[in-house]
Amino acid sequence: MSQIIWGAYAQRNTEDHPPAYAPGYKTSVLRSPKNALISIAETLSEVTAPHFSADKFGPKDNDLILNYAKDGLPIGERVIVHGYVRDQFGRPVKNALVEVWQANASGRYRHPNDQYIGAMDPNFGGCGRMLTDDNGYYVFRTIKPGPYPWRNRINEWRPAHIHFSLIADGWAQRLISQFYFEGDTLIDSCPILKTIPSEQQRRALIALEDKSNFIEADSRCYRFDITLRGRRATYFENDLT
């Protein structure tokens, strides 16, 4: 019983979640809602579908080092990221779709609107996907993204990060966020992270170095666990209610 009380569903806690309007994060000035939000009822198809099948995934979908390589390997530090997706009671969330996208080692995205002077890597696409197994486990291999400047304030840089999306039982439950890497000196000065008032919530978005799973002369490893719902939930950008 104590576990259920501790991990009970929680409405938005303003002490943990950032306000929609946060002037320090300049983009929120235009993007934050000006009117009261309207709740739309979910239909049965939205809360019960889709169900993903492993046979629809390619063998390289979760290998960002190889899934876009053309005439060589991408440049940069090779890393493995892995972890578990669990619900508020610690139970595994199996067959959840995890999607990731990121900048390359130079801090540049493969997107026509990204005009940063960082070099484009012809062998790196920067996106991947995978399903969690019966234990809620996921893993992918990639190149550690580089930091990049952004037009928030004068000379501000985003710390290295990877965006991720998670879909479990239905499209209406799609959750989106981004995680960072332990030891990055830009984390503490990031205006986006600063909008989250809870230190615990900020730290929950940092992937921890996992030296026990380093691959000798190949890759470093980071672990990032995701908790859905409840007071121990991972902070998601699009789930503020």
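Cβ coordinates come from backbone N, Cα and C, glycine included.
Among the candidates TYR109, TYR137, TYR138, the residue that Swiss-Prot names alongside TYR148, HIS161, HIS163 for the Fe cation site is TYR109.
Looking at HIS161, HIS163, the binding-site residues in this record, the fewest other C-beta atoms within 10 angstroms of the C-beta turn up around HIS163. In the shown protein chains, 19 other C-beta atoms lie within 10 A of the C-beta of TYR109 (Fe cation binding site). Same-chain neighbours of the Fe cation site beyond TYR109, TYR148, HIS161, HIS163, judged by a C-beta within 8 angstroms of the site's C-beta center, are, in sequence order, TRP101, GLN102, ALA103, GLY107, PRO145, ARG158, ILE162, GLN178.
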